[in-house]
Amino acid sequence: MPGANRSDMEERQLLNHTADKEQRPLPGRSNHAGNLCPSEKKLQEAICVLLVELCERFTFFGIVCNMILFCTVKLGYRNYQAAIVNMCFVGTSMLTPVLVGWLAECLVGRVKLVCICMFLHFLGTALLPVVAFPFEDIYIDRRHILHTLTKREQKIVFYFALLTASLGIGGIRAIVCPLSAYNLEDCGPKELLSFFNWFYWLINLNSAVVFVSISYIQQSVARNLGFLIPFVSVLMAMITIHMVRGEMIYKPKTDSSLLTTFGVIASALKTCCVRYRYFSGGMRNWMDHAKENYGGQYSETQVESTKSLARLFPLFAFQILYRACIMQIPSGYYLQTMNSNLHFSGFVLPVAAMNVISIVPLLILVPILECINSYLFSSKNAGHSPTIYIVVGQLSAALSVMAAGFSEIHRKHFPQVEQTLSEEVLLVSSMPCFHLAPQYILLGVAEALVTPSCSLLSFWLVPERIRGISMHFLTLFNGAGCFMGAFFVQTAHAGTQGNWFPHLLHEGKLERFFFFLASLMMVNTLGFWTIAHRYNDLNQEYTKEFRGCLPEEKLLKHERAITHYDGVLERSPILSPMEKT
């Protein structure tokens, strides 16, 4: 049967091609560490990537931690403007890794692009001290300061520095520190959840150090020199990358891209609209219109992968409003703390140091959650899904914003006192800032429950070939949440003529903004709770449906079945020689 032999030969060639593609050395990797065993090389790479990640986060939090104070006191911005600038910078820093990742795949080489991004990051963090000039504590003599800039020049340099720094952040996160660099392909749900828990635990520990040290330097000791610290930190990241050279430039194994995913969706929509009037619904899913078998432009593997990713879009969409609530820490909560009494035993606390209160619950809860997860995943229900964590975390975020509204009402009952921040005298409430601790704690609990769980579902519930794309989409929706928070602030200020997000908090109704956001978050939590059952079973529903439907994986299973059957025929004493032939 020549047809059958030709078919078997094609299947074997496809299997060999797939195996060769997986085993082929990645471009851009040098062999200068070839004397090390594979386990030592993986450990060295993981440590180096983690160091660069921590250095990058150090610079990021160093820029964010006191941006509102700098914008209001130094640049003369109003409160809502400073909050919008801060949230837009955070959102841009989340979106740029997706853009840079696409550029690295399609247009520019990874090594060249990472060098460009490192230069942009260096340039941005180096320009921030220029905005902070004059250095009040550095004089040429007793009469003349070293340097000065006009307000307009300061704003231009400030925005340019933020833009270049965010582009540099995108390059570091997308090229140098992708999740693929941690070799998570062979991990199960339990190991993945443990990795994400401890990964975010380390990042938040790093941010706690930044919020305490850098915020105090910027605010109290030498507030302008504090902007030099991100500059020094990015030098550390550059040195780390130089030490390992090509080993840091990781090229993930992927056969898909964002353009392919968007192309599948666009092609399916276009074909669906054109043929809806003429054909009855004989397809199980509308995305099947994009398959080549149905007149589309994409293979079955690409369409099935996109279908598995599309099932996660509701999960992503419900993270937008949650991220807008989380963004109240560097915006609304920060303004509340700045307008509260920061004196504690004769010491003026940095405003951003209150963020540590939101980090402490995460640092405490992660070891506890690890014990709970070990029990749940070791029980009979090995397919335990962390959707309950997401529901409880989003509920905690809603309660946090609601508590912020009540705290704002409570804060106004205290008499006003004068308080000096960055050599500026402000009129603030005499309420101790620690009265705001409950709202910070609730948001910290929310982050400990939601972020690792969403990362696990986004990474595990799709085929391996598009896991990077899935994490990109989660990042896109998180960035959209930051811009949604900025949109809420702008709308609340414009729609109420500054009453819901005032410049002077004691003259406005900031609590109404918090209550409005809390009500939206409660609806968002209920909405996610109604669809959470779709992601409950990590083993049966998604693993079989998503991974078992791809042609290459079907072919591998078919090959194993043929080999097993041939072995049975050779060993079977029941069949006669005539039956074997």
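Cβ coordinates come from backbone N, Cα and C, glycine included.
No curator has checked TrEMBL annotations; they are predicted automatically.
Pulled from TrEMBL:
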type	residues	note
TRANSMEM	58-77	transmembrane segment
TRANSMEM	84-104	transmembrane segment
TRANSMEM	110-135	transmembrane segment
TRANSMEM	156-176	transmembrane segment
TRANSMEM	198-217	transmembrane segment
TRANSMEM	224-244	transmembrane segment
TRANSMEM	256-278	transmembrane segment
TRANSMEM	312-335	transmembrane segment
TRANSMEM	387-406	transmembrane segment
TRANSMEM	440-461	transmembrane segment
TRANSMEM	473-493	transmembrane segment
TRANSMEM	513-532	transmembrane segment
By Cβ distance under 8 Å, which residues at least 6 away from the ends of the transmembrane segment (387-406) in the same chain are close to it?
318, 322, 325-326, 328, 332-333, 336, 369, 436, 438-443, 445-450, 452-454, 457, 511-512, 514-515, 517-518, 521-522, 524-525, 528-529, 532-533, 535-536
Are the transmembrane segment (156-176) and the transmembrane segment (58-77) close, by which I mean at least 3 Cβ pairs under 8 Å that are 6+ residues apart in sequence?
yes
Contact yes or no, the transmembrane segment (110-135) and the transmembrane segment (58-77), 3+ Cβ pairs under 8 Å, gap 6+:
yes
Residue list, the transmembrane segment (473-493) vs rest of chain: Cβ under 8 Å, 6 or more residues beyond ends.
80, 83-84, 87-88, 90-92, 94-95, 97-98, 309, 312-313, 316-317, 319-328, 331-332, 454-455, 458, 500-501, 513, 516-517
With CB pairs under 8 Å as the measure, which of the listed stretches 58-77, 84-104, 198-217, 312-335, 440-461 comes out on top against the transmembrane segment (513-532)?
312-335
Three or more CB pairs closer than 8 Å, sequence separation of 6 or more: does that hold for the transmembrane segment (440-461) against the transmembrane segment (58-77)?
no
Going along the chain, which residues at least six beyond the ends of the transmembrane segment (84-104) come within the CB cut-off of under 8 Å?
60, 63-64, 67-68, 71, 77, 110, 113-114, 117, 162-163, 165-167, 169-171, 173-175, 178, 257-259, 327, 330-331, 468, 472, 475-476, 478-483, 485-486, 489-490
Any residues 6+ beyond the ends of the transmembrane segment (312-335) with a Cβ under 8 Å from its own?
64-65, 67-68, 79, 83, 86-87, 90, 351-352, 354-355, 358, 393-394, 397-398, 400-401, 404, 436, 439-440, 443, 446-447, 450, 454, 457-458, 461-462, 470, 473-474, 476-478, 480-482, 484-486, 488-489, 501, 505, 510, 513-514, 517, 520-521, 524, 527-528, 531, 534-535
